[in-house]
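Among the features that TrEMBL reports, signal peptide is placed at B:1-18. Under the heading domain 'CcmH/CycL/Ccl2/NrfF N-terminal', TrEMBL lists B:9-149. Annotation source TrEMBL lists transmembrane segment at B:103-121.
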Amino acid sequence: MKRKVFLFLPLIVLLVICIFLIMGLKQDPKKIASALIGKPVPEFFQADLLDNNRIISNKHLPKQPYLLNVWGSWCYYCQQEHPLLMELAEQRIPIVGLNYRDKKQGALEMLAKKGNPFALVIDDSRGELAMKLGVDGAPETYVIDENGVIRYRYSGAVDKTILQKEILPEFNKLRN
Amino acid sequence: MKKILFSILVFVSLSLQAEMVDTYQFKNVEDRTRAVALAKSLRCPQCQNQNLVESNSPIAYDLRIEVYKMVDEGKSNQQIVEVMTSRFGNFVLYKPPFELTTALLWCLPIGLLLLAVLLMVRYLRRRSENREICTALSERQRRELAELLAKNKGKK
């Protein structure tokens, strides 16, 4: 009996490895948790998209839990999730926009046409803050607490399900 | 003739590789070599299967320049890698550090090798044991053999 088990050992090991590999394949590489979770928003001094003469820094960020949305007018999925952001803004959830690698004119046009859900829009046309944040593409949505500490990141377009299942629970945890 | 020429061209082209060249002014050649080697060892967070030097994406360009700048400032490789991992996590490393989550990755090859050696040793030991048993004749076999030989002699 013992010998038989030993005989099948390579097969068992191989199967276990296969299970791990298949698990790895099913993992969405876009969902790697941010390395900045639990860390404060990096220090920055950048222009306000709506008023380029004004410099925004960490001081200007909301003093309550808020969402940070990385977007660009060039980005198809950002346009898709935009109505959802508008809804959130109507519910008085503060959203800070990070206009990522965008042309100013295009960004302003999109806000004028589709509405501006953002309490504050940071002009990040050169991707400086995005680089410090570890952004790997737009859209991305962060949940940040009242002390400016990043608590959660979602990489990709937010839809209703993700909002209800992932983002709002994280956000409400901070509000209570 | 054409064939030969073609195969020579193919052979030559194998050794050629295009490489991203950025117009970045380094203080010296050593810095350049170190910076490029370091950028090559870091994975582009957007394109996943290219390193910072291979990738054309704007983020890879920015990160590459960032690496070059840090090299220029005289930061050590370890410091630069730390800056990168503090932003993008271990994802940017082709060679992940040994941690609980990567233990399987590191230990599996060694484990499999040990297992293979173990199985091999067991197999060989058993085989040599078997051979000993085979070569040593039992008392009965020896008697039978002697009888057979004696018979054979008689026939001749």
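Each Cβ is built from the backbone N, Cα and C atoms, and glycine gets one as well.
Counting only same-chain residues 6+ beyond the ends of the transmembrane segment (B:103-121), those with a CB under 8 A from a CB of the stretch are 96. Assigned with DSSP, the residues of the domain 'CcmH/CycL/Ccl2/NrfF N-terminal' (B:9-149) fall into helix, strand and coil as follows: 93 helix, 4 strand, 44 coil.
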